[in-house]
Amino acid sequence: MTLDLNQQNYNEENENKEILGTLISLNSNSSHLLIQKDETTIGRTSGVDFHFKDPRISGLHCKIIRNKNTNEFVILDSSTNGTYVNEERIGKGNTMLITSGDELVIATEYRGNKTLDPIKFIFQNHCFVETKQNQIISEIDESEIGKLFEINEILGKGTFGIVYLATHIETEKQVALKVIHKKKLAQFGENQDFKKEIEYLTSLNHPYLIEVYEVYETEQYIIICLEVIIGGNLAELLEQNERIDEDSAKMIFYQILTAVNYLHLQGIVHKDLKPENILIKDQTNPLHTKITDFGLSRMLHSQTMLRTLCGTPVYLAPEVMSTGLFGYESAVDMWSLGIILYQLLSGTLPIHINTDLITIFDQINNFSIHFDKSWIGISEEAKDLVVGLLEMDPKKRFTAKDALNHIWIANTEFEDPIVENNPFQNQQTLDLNDNDFNPLTSQRTINQDYNNKKGGYW
């Protein structure tokens with residue numbers, strides 16, 4: 001496969017143009033493509049925006065078109081051999097709506113008797129598309145769920161839906177309702193019984209994980225009732241503080257690490273660990289953090305996880321960036337923890353982010369760790385743990401157990417908080433049956449100090 005890099009996206013005249021979308025390459029030997037025009041052409045003939053020399057591609061293969069009024073994108077197929085969206089052939093002369101996370105194939109793996117690498121991309125729409133919020137609220141209100149909750153306001157928006165702040169009418173407790181569109185989820189999922197998959201999360205019980213209270217279902221949506229977190233998220237904390245002292249960083253990291261270890265023992269890999277997904281329940285000293293969004297990976301194909309994550313690539317492991325696969329499972333979480341720990345200790349990232357996506361991906365694929373002047377005063381033990389977590393080879397990378405046993409963590413005594421009671425059901429603490437893991441206290445209290453403070457649920 002050959003791509004002519006002297007295309008419009010790399011000309012000086014386009015350097016400062018707005019990026020409307022990105023085609024994230026799933027081929028290790030090709031570049032990611034930046035969409036900066038309302039109509040972008042792909043093909044083999046001269047004059048197209050993205051010029052390929054591969055004979056499987058037609059002269060004018062396809063055109064990606066943005067609707068300026070709605071900021072939605074469609075793809076017009078003009079090819080002979082076919083253009084595919086999520087394995088569905090569009091058909092010459094036809095158009096198909098494409099949304100963030102869709103897989104686009106412009107050349108299949110077969111040509112005659114030869115088997116070749118397909119040319120694949122993941123599409124990302126960088127333009128805001130308004131969700132039909134009134135439709136969601138109306139369906140909830142008309143269902144049995146509307147008798148249980150009163151929706152107050154929006155807390156956040158994500159790939160699959162919206163998170164609302166709501167009040168449980170009977171108890172007057174505030175909760176978060178995460179509303180997921182089933183059709184959107186089905187587009188990426190490998191198991192159609194999504195409600196059953198999510199209900200499993202209600203059995204999880206850990207002081208550093210968001211509590212999943214209950215799961216509901218309507219005709220179009222799955223609705224997850226979650227604990228409300230009042231203190232913002234770790235990303236906001238890092239923005240507010242130029243530097244966190246090493247002892248505080250250790251306490252925060254210990255909390256995140258024990259929660260990730262717990263998830264891994266349950267066979268759950270988070271795959272999207274980042275400061276925005278680490279919420280702060282209490283900003284008193286010591287901080288109490290909780291991980292959120294840890295159920296998505298159970299419902300999606302391994303490769304399609306990448307489709308939902310490539311908007312925030314900084315915390316993704318290099319093996320994910322180079323192959324588009326999560327083949328080493330829990331190792332990808334440990335890399336993310338390494339980036340987070342690096343950021344906690346130094347106040348900086350090991351990757352330059354004030355650049356384009358292509359450069360960020362290249363930095364991850366060719367990663368090497370450096371301890372600059374921002375690391376002055378940080379212990380050698382802390383640096384050693386960072387190095388073990390940011391090992392390029394996933395087979396050699398520290399596991400959660402390795403990190404918990406590391407001298408920087410193991411030689412410190414930590415005080416764990418009380419695990420809260422689920423106000424909607426009587427849950428039992430899980431018996432981990434693992435002698436190497438010390439289960440946290442099962443004593444619980446009911447927390448009634450919910451308020452309207454927004455958290456980072458996406």
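Positions of Cβ are set from backbone N, Cα and C atoms, glycine also.
Since the structure is predicted, the reported quantities are computational estimates derived from the model, not experimental observations.
The domain 'Protein kinase' annotation in TrEMBL covers 149-409. The feature ATP binding site is assigned by TrEMBL to LYS178, GLU276, ASN277, ASP293. What TrEMBL lists as active site, proton acceptor is ASP272. If you look up TrEMBL, you'll see LYS274 marked as SUMO2 cross-link.
The structure, with features from TrEMBL marked on it.
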residue: LYS178; record: ATP binding site; DSSP (3 states): strand
residue: ASP272; record: active site, proton acceptor; DSSP (3 states): coil
residue: ASN277; record: ATP binding site; DSSP (3 states): helix
residue: ASP293; record: ATP binding site; DSSP (3 states): coil
Q: Find, among the recorded positions listed as LYS178, LYS274, the one whose Cβ has the highest number of other Cβ atoms within 10 Å in the structure shown.
A: LYS178
Q) Which value does the mean pLDDT take for the domain 'Protein kinase' (149-409) in this predicted structure? A) 85
Q) How many angstrom lie between the most widely spaced Cα atoms of the ATP binders LYS178, GLU276, ASN277, ASP293? A) 16
